[in-house]
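Engineer: Sharing the feature lines straight out of TrEMBL:
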type	residues	note
COMPBIAS	B:469-494	compositional bias 'Basic and acidic residues'
DOMAIN	B:73-304	domain 'LUD'
DOMAIN	B:320-389	domain '4Fe-4S ferredoxin-type'
REGION	B:461-494	region 'Disordered'
Amino acid sequence: MRAALFVTCVNDALYPRTGVAVVRLLERLGVDVDFPAAQSCCGQPQYNTGYRYESEPLLRRTARAFAGYPYVVAPSGSCVAMIREHYPRIGARAAAEGRGNELADLAAGLVPRVYELTEFLVDVLGVTDVGAYFPHTVTYHPSCHGLRALGLGDRPRRLLAAVRGLDLIELPGAEECCGFGGTFAVKNPDVSAAMGADKVRAARATGAEVLCGADNSCLAHLDGTLRRAGAPLRTLHIAEILASTDEAATTTEGKHPR
Amino acid sequence: MTATHLGMPAFPAAAREAVRDDVLRANLRRATHTIRDKRARAVSELADWDRLRAAGKAVKDHTLRHLDHYLLRLEAAVTAAGGTVHWAADAAEANRIVTALVLATGEREVVKVKSMATQEIGLNEALEAAGIAAYETDLAELIVQMGHDRPSHILVPAIHLNRAEIREVFRTEMGRWGRPAPDGLGDDPRELAEAARLHLREKFLHAKVAVSGANFMVAETGTMVVFESEGNGRMCLTLPETLISVVGIEKVVPTFRDLEIFLQTLPRSSTAERMNPYTTMWTGLGPSKGADGDGPAAFHLVLLDNGRTDTLADEVGRQALRCIRCSACLNVCPVYERAGGHAYGSVYPGPIGAILSPQLRGTDEEIDASLPYASTLCGACYEVCPVAIDIPEVLLHLRERVAQGGPATREGIRVRIRPARGHTAERAALRAARLLLERPGALRAGERLLSRARRLRPRRLPGPGRAWTDSRELPRPPREPFRDWWARERGGRA
Ligand code: SF4
């Protein structure tokens, strides 16, 4: 099976380990992974801040970069939500503004092939036990776009629960937003920080070693909050846990120090 | 909308104060979480909730599409039942109509049923300017009014206060408005409610004029419907001789049967009750036209537009007019929970306020231009909304209007909104980012630069970056971007 990795701009620039983990994980599960180098950003920062026109060239680029791949997999719920929920809207608005159907067609061609990582694993590959080994206590924060826009449901938790050695602790108030919200984090810094502090307090109270998520932008906000507080809890993308195996767990890479 | 809130600082600045107020944070957290959990339980009892929600949405959408038709039917039905219908294009006109109606009765006091529409137009202030005293009779509104405060929640206007604070308001202020609070008043909720009851009872028995809003108006029969919990509304709606109701035009539903949906969804969404304790319905003056002394002898309905028709003209934004003011979206909103209701600078706080105020009032004021950004787009509001208003979608639509400019309707005229002030730097930054992201070669160079600078790792950034580093560390740049790893490890295949 052939699939293209949409690593997303945040992971490309700041969290390459997540991208590497997705490649190793999918290859281990027999997927032929490709990384089309023409990809960049889905346009979410522009679109969510109110600059729809600025997001259009990025829609075009993303759709073209992944043309021809039967599956496109991204380790980010919010970027997949951007494509699935908003690309068709951007296309429809452009058409309504008399600018033709180009964007609408590009969106329609891309949307059905795009999957968030845990969706791809559970729904397409049909696996929940990916053969991972991660001997740590973990609590999981489901980011809002994955939870509500994509309806990922218990897929991430099922994947984590099947990891050998992993002790999954429920995060109280898990469904509450962490306060990142893209440009919200800097446009409303006080509310964002207050929400982050509450989320971090709940995560620390679980006593887990690792705060796991499926969206590194939310984790950047939580990790930054934790490190400012000098808290020992570390954040980790779910792909990195699922990529861990017996051999890897003992190497430095398996422990994923950041 | 009323001018009372204008000139407010933008949302982020107003929210900063609230976030730092520990008592307020605790009050809000306790109250919103309690009602949030209760709502979830009340809703989960109904197996057909999703269908009720879809039906509520469909009824409202249908009515809004044919609003002119249903409003005329309503007018005819109310008139036939002995009521008088007035049309108010804006707040000033509505206030003028109500003031004149009260003055014509010769009375100088009115009792009020809790109503968002009359707050929206600033009716109490307008009446006061005409020498008419308006007494709020909803317990929480009474607290807010006596405390010279502003409501911070649609349903629980005094949600920002705890019982000790409420006791203080009663002790020091109640006597100035009528029957004083008993000596030695404690802060037990029952004691506080009893003090309010005695105080209000006196008002009900004296009042000759009442002012209300309505939750629904039935076009087919001309019936007005008020949902409430305390019974104070029913007192106001039945005891006085003259009843004046100010109602937004979007509150009409076609038929009596349509109420079946909302009688189920509204109480469960707002107070988490299966049924609200009091549902009062009246049709004009009733069959006896008030002659039997039961109910008011005169009924006036003031239909309020005040920006609603303009909102209706907007294809994306018009869904906000489906709102039945249940306040479920406030109670689940993580931003509302921290920022409190006052930060929204409007009688409509929370997620619904963030999409309603910039439409009803426009986006010229700083506060209104900042409201579409007062959200993380987490979607919790959309999930609970009993009429399925996609609040995040409307927020994004309004962000676009603020940041990029675009078409809108103001006072019936199609206009082009220019991008709001203060977005120049942001626009330039996002444009630059887009240009960079469009060129993977340049992007790669930028990423490498970032990796090379990783040892610098500043703790605090200057300028706008401070908004991040004031409370959080920056992410640590990696040794190499992902695309370099790929080129090195898997390059042969790409
Ligand atoms: S927007 Fe929806 S959830 Fe919010 S108050 Fe209105 S009806 Fe209730």
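Glycine residues also receive a Cβ, built from the backbone N, Cα and C atoms like all the rest.
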Engineer: Taking DSSP states H, G and I as helix and E and B as strand, how many residues of the domain '4Fe-4S ferredoxin-type' (B:320-389) are helix, strand and coil?
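Structural biologist: Here the numbers are 41 helix, 0 strand, 29 coil.
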Engineer: Going by DSSP, how much of the region 'Disordered' (B:461-494) is helix, how much is strand and how much is coil, in residues?
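Structural biologist: Helix/strand/coil tally for the region 'Disordered' (B:461-494): 18 helix, 0 strand, 16 coil.
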Engineer: Taking only the residues in the domain 'LUD' (B:73-304), give me the average pLDDT of this model.
Structural biologist: 93
